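Pulled from TrEMBL, these are the features on record:
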REGION    1-20  region 'Disordered'
DOMAIN    29-254  domain 'Radical SAM core'
BINDING   R38, R87, T121, K181, R283, V284, R285  GTP binding site
BINDING   C45, C49, C52  [4Fe-4S] cluster 1 binding site
BINDING   Y51, G91, S145, M215  S-adenosyl-L-methionine binding site
BINDING   C278, C281, C295  [4Fe-4S] cluster 2 binding site
Amino acid sequence: MRSLSATPSEAYPMEDMTSPDDSPRLIDGFGRAVTYLRVSVTDRCDLRCVYCMAEHMTFLPKAQVLTLEELDRLASTFVDLGVRKLRLTGGEPLVRKGIMELVENLSRHLKSGALDELTLTTNGTQLAQHADRLAALGVKRINVSLDTLKPDLFRRLTRGGDVAKVIGGIDAALAAGIQVKINAVALKRDNAAELPGLIQWAHARGCDMTLIETMPLGEIDEDRTDQFLSLRDVRRELSSYWTLTDLAYATGGPARYAKVEETGGRLGFITPLSHNFCEACNRVRLTCTGTLHTCLGRDDASDLRAVLRGGATDGELVAAIHAAIGSKPKGHDFQVDAPRPAVARHMSTTGG
Ligand code: SAM
Ligand code: SF4
């Protein structure tokens, strides 16, 4: 892992770190401003999705995982440095003990106007219990992962999950006034034929829908090449009976959006294996152990937990973050048909 001794001025010149209004900014070595932080708050989960985890996962010892206070300090430092959007993920964020306390504490940045958005990505199983509180704390949109509406298939894909709980969670979030985006991983053998129905179901509820190509992250029990479904093919198929109109809407991430004229809903395609989004990439990821990954598709890593637990002052922490951001790579390294995963860590460690 990268050592973080570089001072901000060694990482890049001081004038590059400052916006016109003199607020500090995180600019990487390729001139991209980092304004979006995803924070994995736990590596644990109540499901074991086949493309994400091995059936018998070994989870991290608690001492290695950042405390709620450490998560708050790190996330808040990024906000001070110009991050405008914070997404909590995991593992499953809603199984982390004390998660609502963390959301409540972080919501102070929404109130102060420092943050535009506080959001999370969840599997939805615990959402029904938390939806009202999340809405009250200022969470306006969330992503819920749902690959199928079929109870048997859902149970098999998640190794034991109950799809009714997820649907109940989605309905509770919508009733609380939270916008929900449904994310589905496109799986050639398992849900390819169901995708149009899933899209219609989401759009009928007023939810946007995003399809994700499987990514080669971490060793799992299955062969991923076997399940890989190109979203180019999915789009071609959908276009044979629907009118898809490209939207300019861009998030700085790997999603491209279209409007489905027949349903009136928005449909995103996340194709992380293509390089077409790296240029505008505005995001970095923090694992639950405090490792900062500046690119989802590379093994680059900076250990911010060591900095925190080494007793760093606020200034030293800021310097360490600037040094890490300064070495964000230009682009990723994915190849789905490679014999080994391009990146050894699991998605549940990095956060989706
Ligand atoms: N547990 C939460 C959930 O499932 O939404 C948040 C974490 S999960 C790792 C985030 C997203 O990553 C989910 O939408 C999941 O489907 C997706 N994901 C996990 N492993 C993946 C893989 N190998 N390729 C593509 N997407 C993956
Ligand atoms: Fe858990 Fe999300 Fe991974 Fe599924 S995708 S095992 S719900 S972390």
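Cβ atoms here come from the backbone N, Cα and C positions, even for glycine.
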Could you check which of these binding-site residues, Y51, S145, M215, C278, C295, sit within 10 Å of T121 (GTP binding site), going Cα to Cα?
S145
Please give me the CB contact count at 10 A for C49 ([4Fe-4S] cluster 1 binding site), counting all chains in the structure.
19
Compared by Cα position, which of the binding-site residues M215, C278, R283 is the closest one to C52 ([4Fe-4S] cluster 1 binding site)?
M215
I need the nearest neighbour of C295 ([4Fe-4S] cluster 2 binding site) among the binding-site residues R38, C45, C49, M215, V284, using C-alpha distances.
V284
K181 (GTP binding site) and S145 (S-adenosyl-L-methionine binding site), distance between Cα atoms, whole Å:
8
C-alpha spacing of C278 ([4Fe-4S] cluster 2 binding site) relative to V284 (GTP binding site), in angstrom:
12
List, in residue order, those binding-site residues out of R38, C52, K181, R283, C295 with a Cβ under 6 Å from any atom belonging to ligand 2.
C52
